[in-house]
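K.L.:
Residues or ranges marked as active site, proton donor in Swiss-Prot (evidence: similarity to another entry): Glu209. Positions annotated as active site, nucleophile by Swiss-Prot: Glu308. Feature annotation from Swiss-Prot assigns disulfide bond to Cys290-Cys415, Cys316-Cys341. If you look up Swiss-Prot, you'll see 1-21 marked as signal peptide.
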Amino acid sequence: MLYNLSKAVLALSVLAASADAAGIRLEKRASTFDYETEMVRGVCLGGWLVLEPWLSPGLFDAAPDGAVDEWTYTEILGQDEAKARLIGHWDTFITEQDFFDIAAAGMNHVRIPIGYWAVEALPGDPYVDGQLEYLDRAIEWAGAAGLKVIVDLHGAPGSQNGFDNSGRKGAIQWGQGDTLGQTVNAFRKLAERYVPSSDVVTAIEAVNEPFIPGGVNEDQLKEYYQQAYDIVTQMSPDVDLVFSDGFINPTPWNGFISDSGNIVMDNHHYEVFDINLLRMSVDDHVRSVCDFGRTQLAPATKPVVVGEWTGAMTDCARYLNGRGVGARYDGAMGGESVGDCGPFIQGSVSDLSPDDQKNMRRFIEAQLDAWEMKSGWLFWNWKTEQGAPGWDMKDLLDNGVFPFPLESRKYPGQCG
């Protein structure tokens, strides 16, 4: 198919580019990306340098049941054993070839999550380090492939959302004690490493998914964002701060900090984590995302990138809701059952019925059209270890469910 042909053509340049990349060491900044005028089209490299059980279930299946996030994984296994296993994961889950495949698909960005503990773990933390060397390498590979990088502080001290993807599942304790100052310190060190020196890193994200509806104090969050903005703008006029809307949507942030440059809002849009959304038909999903583009993205006074979204319309992917936790869709979490999870749990999108594949393609196309009403998008995620239909962009591209070229449409004009 066209995507695989494009990969093959681009692969001819990999050896030469690899040789060039080997000599790159984050030198003086030269180029930028204009988030005000250019369209972001990219993908996240989740589950690599910050663990998530559903993206790399094999790591967790080989660990005791109490390992449900990176904190407990390293705590239970011990640092020596955990680091040995994680090095094996870091070496293989994402490689240089992935960056060339992403570029071959027509994308211009990757967003790379990293935890605060990779920069500087706190006393008493069980985490292991070593991730920054891989992030350095990833930035070199991205540059060789012609991609821009958003460095994403995905986990903050105390957990900013209580999700396993923050490093520690459970209560939100970000904002308590010294956690805000500790986050500023981690962010500053991350910025010092990449903002002044890499022409590949065009933006850095203050913190991933601070959960305002879950209890994060909005005033404290705004104070932190201001400090992060000052750190970045003092280091370089060519790098933007990315900040999450905190799950309160983009338009309430109009006028915050600056509407005139060096700042980008990150909105995450999923329609799978609520039973009412799971009940919706594909027509409903299409209308929903198109309406969101018109009412929340287009009127925003800053650039807004939908920095996480999916082709899935169920929450059936194994461990998506947490290790050992079932899905809402089939009633395993309690309450009504919308349908059978079946082939949506694990494996390839090619295992789905033709109708399910068509509906997923239609939903993906509608989202692409909606998100490009503003500043673009970053799909979650590039790959999964054991397959998660609808979430694995590489699998979606390989099976023609994600458009290639990105502008191609089987269902044009869905957003009017």
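Positions of Cβ are set from backbone N, Cα and C atoms, glycine also.
Could you place these features in context, so I can see how deep they sit and what lies close by?
P.N.:
Around Glu209 (active site, proton donor), the C-beta neighbours below 8 angstroms that are at least 6 residues distant in the chain are Gln160, Asn161, Phe163, Asn165, Ser166, Ser244, Gly246, Phe247, His268.
Under the DSSP three-state reduction, Glu308 (active site, nucleophile) is assigned to strand.
Within 10 Å of the C-beta of Cys415 (disulfide bond) we count 19 further C-beta atoms, all protein chains included.
Secondary structure at Cys316 (disulfide bond), taken from DSSP and collapsed to helix, strand or coil, is coil.
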K.L.:
For the C-alpha pair, I'd like the distance in angstrom between Cys316 (disulfide bond) and Glu308 (active site, nucleophile), rounded off.
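P.N.:
Each residue's Cα considered, Cys316 (disulfide bond) and Glu308 (active site, nucleophile) end up 18 Å apart.
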K.L.:
Write out the long-range same-chain contacts of Glu308 (active site, nucleophile), meaning residues 6 or more apart in sequence whose Cβ is under 8 Å from its Cβ.
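P.N.:
In sequence order, the residues whose Cβ lies under 8 Å from that of Glu308 (active site, nucleophile) (at least 6 apart) are Cys44, His268, His269, Tyr270, Leu378, Phe379, Trp380.
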K.L.:
Sort out the sequence-distant neighbours of Cys341 (disulfide bond) for me: same chain, 6+ apart, CB within less than 8 Å of its CB, listed by position.
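P.N.:
Long-range Cβ contacts: Thr314, Cys316, Ala327, Tyr329, Asp330, Ala332.
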K.L.:
Near the Cβ of Cys290 (disulfide bond), how many other Cβ atoms are there if near means within 10 Å?
P.N.:
18
